[in-house]
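Have a look at the structure below before the remarks.
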Amino acid sequence: MAEDSDWVVESIAEYLGSPAWVVPLTDFMENKCTVFDDEDENKLTYTEIHQQYKELVEKLLENYMQEVGINEEQLLEACTSPLAKSKALQNVFQPVLATEDFEVFKSLMVQKNVELQLQALRVIQERNGTLPECLTDGADMISELEQQELRILKEVLKRSKEEYEQDMARRQLSEDEGGSTSNSSTERMAFDSTERQDTVPGQASEKRAESTPSVCNASRMAEEKNIKSAGKAGDNMKHGTNKVGTQPTAKLLPGRSGADAKLLAPVRAPVRGSEPAADPREKSSTEAAEAWLEEARREAGISRPFTELSAAQQEQLQQRAHYLRQQRDRLLAMKREQRDKLSTSEESPVALAPRTVEISEEEKRQLQKRKHLAEKLKEEVIKKS
Amino acid sequence: MGEVQKGLFSVIQKLKGSTEQELRIVLLGLDNAGKTTLLKKLASEDVNTITPTQGFNIKSVASNGMKLNVWDIGGQRKIRPFWKKYLENTDLLIYVIDSADKKRFEETGQELSELIEEENLKGVPVLIFANKQDLVSAAPASEIAEGLNLHTYRDREWQIQACSALSGEGVQDGMNWICNNIVNKKK
């Protein structure tokens with residue numbers, strides 16, 4: 001009896017390692033994993049994909065059982081045997097468990113997504129032969145800057161939630177100004193005029209977001225009065241409104257511009273807050289805006305809330321994500337091709353890759369950024385799991 | 001669903017190899033009723049940063065030696081058609097109502113009565129949380145029970161529990177009811 005079930009378990013385990021099982025399953029996962037991210041909230045499409053996965057696994061298992069001549073009872077018996085519960089086999093059976101356990105399924109898909117992302121990056125790197133040392137340098141600088149930005153952002157968001165945004169903005173500015181009172185008073189003016197254009201102060205979140213361009217004007221007004229400090233304020237706003245680099249005074253304070261850009265945060269911060277007091281019509285449009293941002297952020301493939309990034313960063317991230325996705329698609333096609341000629345080809349993905357690309361300095365820099373993005377993604381996913 | 005599939009499901013269930021029993025709970029209700037807040041409260045997580053759910057959330061909560069797998073699905077009108085995809089093998093329905101949103105009592109009653117008719121929820125016990133009792137304008141649970149015609153439910157166990165998911169008040173009472181009436185019976 002025991003031997004009987006052992007045979008069945010071993011046979012199934014063997015099947016779960018064979019191409020007849022692995023190829024269609026991997027194919028499915030690679031094709032469907034793109035939408036899976038590490039967010040706590042699940043998308044409705046996950047359920048649909050999970051359902052398709054169940055159907056695939058059931059079809060495969062049924063076919064196999066029929067082929068080998070195992071019936072339901074034998075399978076049941078086998079699966080309750082000690083052998084099937086051994087640690088080594090539990091792993092093998094995980095893709096089967098994933099049919100009944102959504103959490104297992106989700107983690108498999110998220111993992112696959114990250115794997116693919118990294119593979120795509122490696123292929124890019126190998127094909128283009130980017131320099132590792134410059135990669136590390138770039139990554140360090142960026143991450144340091146971003147960490148600083150994040151820290152500031154968190155602070156800003158926290159305070160704005162307590163509805164001390166006005167107060168906070170003033171303090172932050174004067175801090176950045178090194179306590180110069182004359183400068184900060186001009187800044188305050190800039191912010192006050194922002195407030196006035198908002199019709200009702202502290203009223204609607206997206207109204208504030210809309211008012212960003214006028215903020216820009218306000219700072220320009222201030223600029224005429226006090227070139228030095230307003231130049232900085234203008235710098236802030238320009239960052240927010242995606243006009244980075246057009247302001248000459250931005251060069252006056254290199255290295256601070258990143259942090260300063262974050263000062264825009266109070267303006268958009270309430271978007272996330274979505275006060276319960278807001279009337280329903282307004283709320284729904286806030287929700288819509290949020291949903292849109294959320295989607296865009298997922299497209300960009302980063303786990304940090306999209307709304308916490310500046311507009312310039314947002315666009316940049318989207319561009320990177322787009323490029324990455326293209327690479328991934330190429331990789332997917334390659335993988336499929338490889339599987340098709342499974343028995344004959346031993347070539348590495350790099351060898352199969354088209355070698356037509358001539359890269360410029362600009363592209364190299366972009367590559368660095370992309371690599372960094374994926375590394376961050378990987379880090380976050382791995383840390384969490 | 002064919003015979004074979006049913007067999008496969010039970011096989012896979014056994015593969016999980018868990019000794020503890022599991023309960024599948026679905027958390028439904030209109031948007032802004034407080035489902036996600038309740039879910040996070042159950043899981044002892046922060047309830048201050050909740051945004052409208054576009055998809056669904058899952059949390060596993062241990063209770064009386066049982067594992068409660070709670071599925072919270074977004075309640076916005078455009079998501080409601082998806083509810084029925086999550087009802088299979090459900091052991092308990094928790095329906096959350098915003099007790100202060102009197103304008104939508106009729107709507108929430110309509111959604112509940114449609115749910116109750118679902119084949120997959122036949123005979124499945126219902127726990128109704130009359131949420132947001134922390135608001136002064138909240139209607140008492142008894143009034144809501146009457147409005148929902150709960151007393152006409154004959155084919156299933158039901159309970160209405162006043163609560164505030166935000167403060168946590170009443171939530172444990174509801175969970176106790178689950179343990180006393182559902183968990184013990186399933187064992």
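Placement of Cβ uses the backbone N, Cα and C atoms for every residue, glycine included.
Unlike curated records, TrEMBL annotations are generated automatically.
Feature annotation from TrEMBL assigns GTP binding site to B:G29, B:L30, B:D31, B:N32, B:A33, B:G34, B:K35, B:T36, B:G75, B:N131, B:K132, B:Q133, B:D134. According to TrEMBL, the Mg(2+) binding site annotation covers B:T36, B:T53.
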Problem set entry | C-alpha spacing of B:T53 (Mg(2+) binding site) relative to B:G75 (GTP binding site), in angstrom | 7
Seminar exercise, completed: Here the binding-site residues are B:K35, B:K132; the one whose Cβ sees the most other Cβ atoms within 10 Å is B:K35
For this session: Just name the winner among B:D31, B:D134 (the binding-site residues) by count of other CB atoms within 10 A of its CB.
Result: B:D31
For this session: Could you check the binding-site residues B:T36, B:T53 and say which one's CB has the most other CB atoms within 10 Å?
Result: B:T36
Seminar exercise, completed: Listed in sequence order, the binding-site residues from B:G29, B:D31, B:K35, B:D134 whose CB sits under 8 Å of a chain A CB are none
Exercise. When you measure from the Cβ of B:G29 (GTP binding site), how many other Cβ atoms are you left with inside 10 Å?
Worked result: 24
Seminar exercise, completed: Rounding to whole Å, the Cα atoms of B:D31 (GTP binding site) and B:T53 (Mg(2+) binding site) are apart by 8
Exercise. To the nearest whole angstrom, what is the C-alpha distance linking B:A33 (GTP binding site) and B:T53 (Mg(2+) binding site)?
Worked result: 11
Problem set entry | GTP binding residues B:G29, B:L30, B:D31, B:N32, B:A33, B:G34, B:K35, B:T36, B:G75, B:N131, B:K132, B:Q133, B:D134: largest Cα-Cα distance, in Å and rounded to whole number | 21
For this session: Provide the three-state secondary structure of B:T36 (Mg(2+) binding site) computed with DSSP.
Result: helix
Seminar exercise, completed: So B:G75 (GTP binding site), by the Cβ count within 10 Å over all chains shown, scores 24
Seminar exercise, completed: Of the binding-site residues B:G29, B:K35, B:K132, within 10 Å of B:T53 (Mg(2+) binding site) (CA to CA), in sequence order, we find B:K35
